[in-house]
Amino acid sequence: MIADILTTFENLPDGFYTAAGLLILGLILIEGLLSVDNALGIAAMAAHLPKHQQKPALRWGIIGAYLFRGIALATAAWLMHNMWVKWFGAAYLIYLACEHLMLHPKEESHDESGQVAKLAGKSFIATICSIELMDLSLSIDNVVAAVAMVNGEKRIPAELHIWVVCLGVFIGIIALRVVAGWCIGILEKHPILKYTAFLLVGFVGMALITEMSLAQFGIEWHLGIPLKFACIMAIVVSSLWYEQSPALYRALHPVVHVFRAVCSGVTIAVESVIMPWRFFKKTK
């Protein structure tokens, strides 16, 4: 296996390092934005504990994030070679984006406060268990997004896809660990970035589904990493501009409202099929 990898490195296609570098930067951006929620959740869940237990809880939360991402990445190697799993993963990314983008910020804030309040009085062990369950869920989401990013990039040999994904995800985790306080401060200053993260997830899912759909008709099309990275940066910059510019907010608010209504429709349609009991509960 090592010999095969060394041989692959000796015959790298032109543009490999540029493509890999842009891909990793894109992964760090997506993983960083998504993982900020993870860090906020860990901090909020640990906040009710005594001071001497808060740091150990935060430490276990970070360890859990590493552990579950490692497990998810091991699964990602299998995922890359199973087309039906790619379809499911892309559809799941779109559903995940719609589910979060349909929520009103005040409603989401209220829900999170309620969840944190429920943790009050929980023991240290119970709190750690809650944190680890959240880590597991977010790890699956993040790795599916990372696999979708690297999918189909010809300048990166297939044998190295999993290594690039691993590197990008773990660099993102390390970067978050180092600048967690700064990231949380940025998110508090620019709340829209929380929604931007899921907009990026939806964009990656749509790109993957478009590529696979066209392939069914014999049309080979792939959104290259430079263009994909440019789109990611454009989405982030546009989101911050939308948040900071009252004129732009007023001009685009009707469009955003329609977009979120579509997200609501997609979410309700999916949940009515796969979770009908939840749908009927909402309609009561």
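Here the Cβ of each residue, glycine as well, is placed from N, Cα and C on the backbone.
TrEMBL: automatically predicted annotations, no manual curation.
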Quick check on the annotations: TrEMBL lists transmembrane segment for one of 57-78, 255-276. Which range is it? 57-78
At a C-beta cut-off of under 8 Å, are there same-chain residues at least 6 beyond the transmembrane segment (221-242) that contact it? List them, or none. 18-19, 22-23, 25-26, 29-30, 149, 152-155, 190, 192-193, 195-196, 199-200, 203-204, 207, 210-211, 214-215, 248-249, 252, 256
